[in-house]
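The Mg(2+) binding site annotation in TrEMBL covers A:80, A:82, A:84. Here TrEMBL flags A:81, A:97, A:104 as Zn(2+) binding site. Taken from TrEMBL, the feature domain 'Phosphoribosyl-AMP cyclohydrolase' covers A:33-106.
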């Protein structure tokens, strides 16, 4: 339970009231995903210790894992030098990506074009029902 | 030297023609910084193997290290599942942050407010002259 007041005054939200948040697995260092937070999502994440984003498509709070069963537990909350990006060190249960990959960055750009460099760990049908 | 065509067609640039790019030290896993790229910055980065961003404040290409002497060599270029975020695995010479910290995420939010969790490695006066 962390009081979000200091964080909320240090973060510079953009013109839409949002800030990008990078999620990194706290022990392995894997970069899992990048999503957006509004003031309410920052507050809920710090108070609850469970990561909550803001979904730009649904225009609503997105409590990570609520539908998929793959939540992120907050380990530390960092703000960058100019206050416009957040780094969340988390413990990701299962997979971070809605495609069922462990993280969202499974497409590598190389001399032969695009390559998928990591497997689907949990099929999306298992994550979201059939 | 990577042809940027496949990357440029897979990336969804935002309404300002930009995409966020996370830089991660390729071997240690440290998340160094987050900045923005336009199509030209993506092209130059892939072709040259040296990371080039787009500076929103200067409205110009930002060849990382050109002024500070702290460049990033590209090790791999990854696109996320929905094409709207890039992860750059890089080899960062010296420090990534203009404050002289190794990375930009040196401010932690905790129960006692904000704490600086890592030292200045190179004073900004050395990075940018006096």
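Numbering starts at 1 and runs along the chain as it is shown here.
Note that Cβ sites are derived from N, Cα and C of the backbone, with glycine treated the same way.
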Completion exercise
Integer Å value for the Cα distance linking residue A:82 (Mg(2+) binding site) with residue A:97 (Zn(2+) binding site) is 28
Completion exercise
Out of A:82, A:84, the listed binding-site residues, fewest other Cβ atoms within 10 Å surround the Cβ of A:82
Exercise for the section: Grab the pLDDT values for the domain 'Phosphoribosyl-AMP cyclohydrolase' (A:33-106) and give me their mean, rounded. Expected result: 97
Practice task
Summarise the domain 'Phosphoribosyl-AMP cyclohydrolase' (A:33-106) by DSSP state, stating how many residues are helix, strand and coil.
Solution key: 10 helix, 30 strand, 34 coil
Problem - Cβ neighbours of residue A:97 (Zn(2+) binding site) where a neighbour is any other Cβ within 10 Å - result: 25
Problem - Cα separation, residue A:104 (Zn(2+) binding site) to residue A:80 (Mg(2+) binding site) (Å, whole number) - result: 22
Exercise for the section: Express the distance between the Cα positions of residue A:84 (Mg(2+) binding site) and residue A:104 (Zn(2+) binding site) as a whole number of Å. Expected result: 22
